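Worksheet: one structure, shown below.
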Amino acid sequence: MLRERWRQGLAVACLVALTIGLLLPFHVAPWRAWWDIATYAVRSRHGLSAALIAMAPLEFCALATIVCWRSGLLYLGFDGCYLGGALGAILTAIVWPGLSPWAFLPLSLIFAFALGGFWASLTGIARARFGGNEVLGSLMMNFVAIFIVQYLVSGPIRAGSDLPQTAALARAQWMPRLAGLHAHVGVLVAVLAAILLAGLLSMTRAGYVLRMTGLGPQAARYGGIATGLVWVMAAIGGGGLAGLGGWCDVLGLQHRLIDGMGQGIGFQGIVVAILAGLHPLRTVPVAFIYAALIAGGGAMQRDFQIPSAIVSIFESLLVLTALALPALRRGRLTRA
């Protein structure tokens, strides 16, 4: 017990020491930086809105990770699925510009889910049909998606400007905002998706089949489960959920498709899913805390004039400490 507490204390002490070392050149008191990043999301409506806006795509990508990973498909290409969903949302506005908001929102959601799911299904089919490595394949597909979006926003669907982006959505096509906040209703859709996924995994036959495939593919095959089909369907479902993250950012934040949007959001969603223990309902508070950390990091950068790279390092240290503490508590860290 004492050894475990000593290890945990050492991890926290290392975090504090590294924080002091990072902030000393900028003459910033560490406690002020900690306070700024920890309380920004609850100090004002603007801070809360910023955290909720960042939470929506994080939550969707975390849920996407759970669907794929619990089926045994170690998919990492959620950035590409996010871009697929963002593209699906903007193409809906381009193809049907005169739709009423009540028709546009659900139709764009369907197209975003479909494109995100299609993008992930390519890797799922490669794994199921040809035994391809889904880790390497999905990572490479991220770059393909980035290049496709770069091409589209630089040419075929670019707005009449020098910037690589599409025209802005009509105001009526924007996602409705939460009462009294700048945050949009996409975060409510994400929370609802977490509840539905938790029920699907724990109370339905489809969830049982998915979990059994992830726990033991060979045993699942002996039991009559078509594991290849499960992986493809998990890829479609997970990719579709990640695509809804792009849908949220296009309709609720950027209101257009922009080159470079959402970079790294898929990997941040993976971190959220791991911190939540791959449990859908736990991702809701974890995603909010992680989003509050992102929003607080931006506030710290503005308040203390700290370079963005330092803020990113600071955020990464916090996440690494959060990941390390459970392992230290269980005593699983051993000498190499």
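Just so it is clear, glycine is given a Cβ too, placed from its N, Cα and C backbone atoms.
For 9-28 (among others), the entry in TrEMBL reads transmembrane segment.
Here TrEMBL flags 48-69 (among others) as transmembrane segment.
Marked as transmembrane segment by TrEMBL: 76-96 (among others).
The transmembrane segment feature in TrEMBL is assigned to 102-123 (among others).
Residues annotated as transmembrane segment in TrEMBL: 135-153 (among others).
Taken from TrEMBL, the feature transmembrane segment applies to 181-201 (among others).
Summarising the annotation, TrEMBL assigns transmembrane segment to 222-245 (among others). Using a Cβ-Cβ cut-off under 8 Å and counting only residues 6 or more beyond its ends in the same chain, the transmembrane segment (222-245) has close neighbours at 56-61, 63-68, 70-73, 75, 77-78, 81-82, 84-86, 88, 109, 112-121, 123-125, 127-129, 186, 189-190, 193, 209-210, 212-213, 262, 265-266, 269.
Per TrEMBL, transmembrane segment is recorded for 257-276 (among others). Sequence-distant contacts of the transmembrane segment (257-276) (same chain, six or more residues past either end, CB-CB distance under 8 Å): 57-66, 69, 76-83, 86-87, 89-90, 142, 149-150, 152-154, 157, 163-166, 242, 245-246, 249-250, 282-283, 286-287, 290, 319, 322-323.
If you look up TrEMBL, you'll see 283-300 (among others) marked as transmembrane segment. Within its own chain, the transmembrane segment (283-300) has Cβ neighbours under 8 Å at 33, 36-42, 47, 50-55, 58-59, 62-63, 66, 190-191, 194, 268, 271-273, 275-276, 306, 311-312, 314-315, 318-319, counting only residues six or more beyond its boundaries.
If you look up TrEMBL, you'll see 306-328 (among others) marked as transmembrane segment.
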Report, as numbers and ranges, which residues of the same chain sit near the transmembrane segment (181-201): CB under 8 Å and 6 or more residues beyond its ends.
45-46, 48-50, 52-53, 55-56, 59-60, 63, 66-67, 70, 109, 174-175, 207, 210-211, 241, 244, 247-248, 251-253, 279-281, 283-284, 287
